[in-house]
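Since the structure comes first, as structure tokens, the remarks are kept for the end.
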Amino acid sequence: MPQDVLLGKSLPELTDWIETTGQPAYRGKQLYNWLYQKGIHDLSEITVFPKAWREQMGTYPVGRSQIHHQRTAPDGTRKYLLQLHDGLIIETVGIPTEKRLTVCVSSQVGCAMACDFCATGKSGFTRHLQAHEIIDQVLTVQTDFQQRVSHVVFMGMGEPLANLEQVLKSIQSLNQDIGIGQRSLTVSTVGVPDQIRALAQQNLQITLAVSLHAPNQALRESIIPTAVHYPIEALLDECREYVAITRRRLSFEYILLAGVNDLPDHAAELAKKLKGFQSHVNLIPYNPITEVPFQRPGKKRINVFKQILQDHKIAVSVRYSKGLEADAACGQLRSNLRRSAPATVK
């Protein structure tokens, strides 16, 4: 965004800014609270500020998006298409459970990783999101649910480590300004050379989830074309460095594709690869999409794969994506809308 925006600024930065508008420094704290706690879209909403100031500054960009489309699944999951200042559309998902509210945020418009099984990858890459555009997604969900967001996962559109600078800025704000603990933040990556190492140097207590999806290089390249530039052994070496530096357990994500990477031999090979790792494996049965021919394995095949990992002392669980009825798996709702008539803004 060419013009400066307020969302993403710290309390000292907002205090400095408010003084440039002719207001006393204490107004900075008020602005900070209205921005991050009340989630305003417009400065004219700040009723504790003088009317003349609100009229003068009402059009100054806060940095909020508009909800272009929203869909709710029977399980309560809410999928949002958010329209950015330049008209581009991104996806966000709010996932409620009994004691928490998790937001799945996007870090890019589209994605350059081009994973064969991902709807977002089929749409190509447009641009990186700025930090405030990531923070905005969390505030949007928090306001819509009228419930405090407890967890944020960077598992929406885009490759977070390809946009590391803005992702780190958003993490700082989510932690310090919105009050979400670092251990409640998860960054997912398919792997970008040297960026896991760069993330480790930040000394954060977040969770890193590595999208592995295959036990060997050849199979990984066949479903993740960009993996040709990042051999699986180099990826795992960086993962070991990450654990050594951060003392944090890794998560490995593994999407199960029927007949592709879900065979018993694949499970045994994966167990061998991850032996000795301080990690947990999340097995994710595939969410079918219209653009690609992959299918979800049956429950028996899933359970056999899981049992083989357990027999090799690998910590593992099966994670079923919520919100399938709302096309909430990454990329699905946006892709479906692009094939249909434009949705009514609401």
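Easy rule for this one: first residue shown is 1, then count along the chain.
Placement of Cβ uses the backbone N, Cα and C atoms for every residue, glycine included.
Swiss-Prot lists Gly158, Glu159, Ser211, Leu212, His213, Asn287 as binding S-adenosyl-L-methionine, and of Ser173, Ser184, Ser188, Ser317 the one it places in that same site is Ser188. Close to Glu159 (S-adenosyl-L-methionine binding site) in the fold, though at least 6 residues off in sequence, lie Ser107, Gln108, Cys111, Ala112, Met113, Thr189, Val190, Val192, each with a CB less than 8 Å from its CB.
Among the recorded positions Glu91, Cys104, Gly158, Ser188, the residue whose Cα lies closest in space to that of Cys118 ([4Fe-4S] cluster binding site) is Gly158.
Summarised as a single figure, the pLDDT of the domain 'Radical SAM core' (97-325) averages 95. Most Cβ neighbours within 10 Å among the binding-site residues Cys115, Leu212: this distinction goes to Leu212.
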